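Engineer: Before we start, here is the structure in question, set down as structure tokens.
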Amino acid sequence: MGLQARLLGLLALVIAGKCTYNPEPDQRWMLPPGWVSLGRVDPEEELSLTFALKQRNLERLSELVQAVSDPSSPQYGKYLTLEDVAELVQPSPLTLLTVQKWLSAAGARNCDSVTTQDFLTCWLSVRQAELLLPGAEFHRYVGGPTKTHVIRSPHPYQLPQALAPHVDFVGGLHRFPPSSPRQRPEPQQVGTVSLHLGVTPSVLRQRYNLTAKDVGSGTTNNSQACAQFLEQYFHNSDLTEFMRLFGGSFTHQASVAKVVGKQGRGRAGIEASLDVEYLMSAGANISTWVYSSPGRHEAQEPFLQWLLLLSNESSLPHVHTVSYGDDEDSLSSIYIQRVNTEFMKAAARGLTLLFASGDTGAGCWSVSGRHKFRPSFPASSPYVTTVGGTSFKNPFLITDEVVDYISGGGFSNVFPRPPYQEEAVAQFLKSSSHLPPSSYFNASGRAYPDVAALSDGYWVVSNMVPIPWVSGTSASTPVFGGILSLINEHRILNGRPPLGFLNPRLYQQHGTGLFDVTHGCHESCLNEEVEGQGFCSGPGWDPVTGWGTPNFPALLKTLLNP
């Protein structure tokens with residue numbers, strides 16, 4: 001049977017739509033705290049929905065990622081282009097035609113694809129969208145720290161059963177923007193303000209052995225990026241003031257090279273300021289991009305829009321740092337698996353993706369009356385490098401580091417343990433004398449974080465005001481990312497490719513070039529069984545601080561060749 005005949009038969013089933021299915025049956029609906037409904041959306045109002053189309057050759061993609069990321073492979077560093085990835089994963093002609101005809105019949109207009117052809121973003125009226133997706137009912141909600149407006153459906157949606165081989169999920173229906181990361185209150189026991197200097201670029205550079213010469217050369221095409229999903233703005237004026245106060249001892253750039261997305265004139269957010277200021281002071285004098293979500297349409301998911309950008313740009317920064325995270329159990333399995341595939345695509349192209357491990361320790365939730373730890377995603381993805389958090393042993397001195405009790409870490413309930421970390425994790429499980437009860441975590445899951453950096457007590461400039469005591473793994477992540485950008489600078493100057501997906505190499509080196517953090521535990525369930533304690537750090541890798549924090553000269557020596 002020819003493609004045309006198969007398509008006609010399939011379209012008849014799709015349009016009839018009598019047999020339907022829910023592509024995300026395990027997607028939990030819960031209105032986040034602080035959000036309220038403003039009621040149904042006008043049926044004639046237009047909204048934007050994103051359709052994730054089924055991809056092909058994912059096993060082959062996984063093999064290629066392993067080959068280009070493993071230093072022992074002859075293919076190491078021979079990354080794929082965006083066009084190579086597109087040729088590999090793009091949906092079948094039948095999938096493309098079926099979905100396009102289905103959307104066209106429903107009245108969808110202005111459908112935009114990406115280079116890899118595996119996402120379609122279309123505009124429809126609310127009336128059309130609710131007919132297209134039976135069960136969906138679009139409401140407007142407002143909430144979050146900046147009183148963001150979003151359009152979402154509190155009810156599950158259905159698709160024609162005939163589309164099951166062709167569509168993974170539809171984005172823009174259920175998931176809310178992530179909440180703002182927590183900040184510690186200023187400690188009350190500090191007696192003399194002058195004693196508390198806090199973490200600044202000079203403190204970080206001293207602790208991690210960066211000299212004034214450890215900056216970008218300004219002669220390469222090296223670049224780095226941070227992505228924002230918290231409806232926040234950053235201001236270049238804040239960056240200028242931050243560097244005036246804290247960047248006098250090293251060469252740095254005075255402004256961001258490129259903003260992808262809309263950058264408005266509202267008040268700056270602390271999170272946005274933190275990411276930009278510390279990425280650009282750790283990765284000093286390196287061209288920096290910012291992915292900004294403010295100004296997007298109410299029905300779009302900022303994180304999903306960022307993934308679409310990665311699938312549509314052939315030339316991207318080498319290092320991306322991201323502070324976004326959700327509980328694994330709050331997301332549908334098909335959504336998690338598809339996002340993980342997007343990370344795989346990035347790894348094949350030689351991009352280094354760093355995600356914050358989260359600020360709730362091991363996490364905690366109750367399942368059928370039993371407490372369990374609660375892993376985070378994307379921190380638990382096997383295709384990203386996850387960054388945990390530490391504190392100074394003495395908060396007033398530049399000393400060895402200990403666990404920051406909020407540092408996220410644990411074991412995925414979705415992804416199995418990847419081969420690259422098998423030895424390290426098995427050794428931890430065998431040797432740790434402080435393991436929680438086995439019922440609290442999935443010992444065979446992907447374990448995280450992979451590395452760490454200081455996450456406690458940062459100075460940030462936001463709205464031209466210096467703010468102390470900003471904390472969280474959203475601070476440690478851009479710091480580690482900036483240091484990797486400096487290593488990429490040396491690799492590029494030496495004719496080497498950028499580091500790409502770091503984890504296979506990181507675990508092969510068993511922590512060489514990193515300060516091992518061996519003291520402290522992070523938080524978890526406040527019950528009698530574990531009494532608020534999650535996992536504890538120890539020699540080598542652990543699920544609190546990973547392999548440890550960067551010692552720049554040693555890490556550069558380790559990662560410079562091949």
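Yeah, the Cβs are placed from backbone N, Cα and C, and that goes for glycine too.
When I checked Swiss-Prot for this same protein, it listed these features:
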type     : residues                               : note
ACT_SITE : GLU271                                 : active site, charge relay system
ACT_SITE : ASP275                                 : active site, charge relay system
ACT_SITE : SER474                                 : active site, charge relay system
BINDING  : ASP516, VAL517, GLY538, GLY540, ASP542 : Ca(2+) binding site
DISULFID : CYS111-CYS122                          : disulfide bond
DISULFID : CYS364-CYS525                          : disulfide bond
DISULFID : CYS521-CYS536                          : disulfide bond
DOMAIN   : 198-562                                : domain 'Peptidase S53'
CARBOHYD : ASN209                                 : N-linked glycosylation site
CARBOHYD : ASN221                                 : N-linked glycosylation site
CARBOHYD : ASN285                                 : N-linked glycosylation site
CARBOHYD : ASN312                                 : N-linked glycosylation site
CARBOHYD : ASN442                                 : N-linked glycosylation site
SIGNAL   : 1-19                                   : signal peptide
Engineer: Count the other Cβ atoms sitting within 10 Å of the Cβ of CYS111 (disulfide bond), across every protein chain shown.
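Structural biologist: By my count, 16.
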Engineer: May I ask you to report the DSSP-based helix, strand or coil state of SER474 (active site, charge relay system)?
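Structural biologist: Going by the DSSP assignment, SER474 (active site, charge relay system) falls within a helical segment, counted as helix.
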Engineer: For CYS122 (disulfide bond), which of the three DSSP-derived states applies: helix, strand, or coil?
Structural biologist: strand
Engineer: Restricting the comparison to the recorded positions CYS111, ASN221, CYS525, ASP542, which residue's C-alpha is spatially nearest the C-alpha of SER474 (active site, charge relay system)?
Structural biologist: ASP542
Engineer: Fewest other CB within 10 angstroms, which one of the recorded positions GLU271, ASP275, ASP516?
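Structural biologist: Output over recorded positions GLU271, ASP275, ASP516: least Cβ neighbours within 10 Å is ASP516.
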Engineer: Please report the Cα separation of ASN442 (N-linked glycosylation site) and GLU271 (active site, charge relay system) in Å, rounded to an integer.
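Structural biologist: Here the two Cα atoms lie 32 Å apart.
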Engineer: Taking the domain 'Peptidase S53' (198-562) alone, what is its mean pLDDT?
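Structural biologist: Summarising the domain 'Peptidase S53' (198-562) by its mean pLDDT gives 94.
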Engineer: Consider the recorded positions ASN209, ASN285, GLY538 and say which one has the Cα lying nearest the Cα of GLU271 (active site, charge relay system).
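Structural biologist: Closest recorded candidate to GLU271 (active site, charge relay system) by Cα: ASN285.
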Engineer: Can you check what DSSP calls ASN209 (N-linked glycosylation site), collapsed to helix, strand or coil?
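Structural biologist: The residue in question, ASN209 (N-linked glycosylation site), is coil (DSSP, three-state).
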Engineer: Any idea what the Cα distance is from CYS525 (disulfide bond) over to ASP542 (Ca(2+) binding site), rounded to a whole Å?
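Structural biologist: So the alpha carbons of CYS525 (disulfide bond) and ASP542 (Ca(2+) binding site) sit roughly 19 Å from each other.
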Engineer: Measuring Cα to Cα, tell me the gap between GLY540 (Ca(2+) binding site) and ASN285 (N-linked glycosylation site) in whole angstrom.
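Structural biologist: GLY540 (Ca(2+) binding site) to ASN285 (N-linked glycosylation site), Cα-Cα distance: 33 Å.
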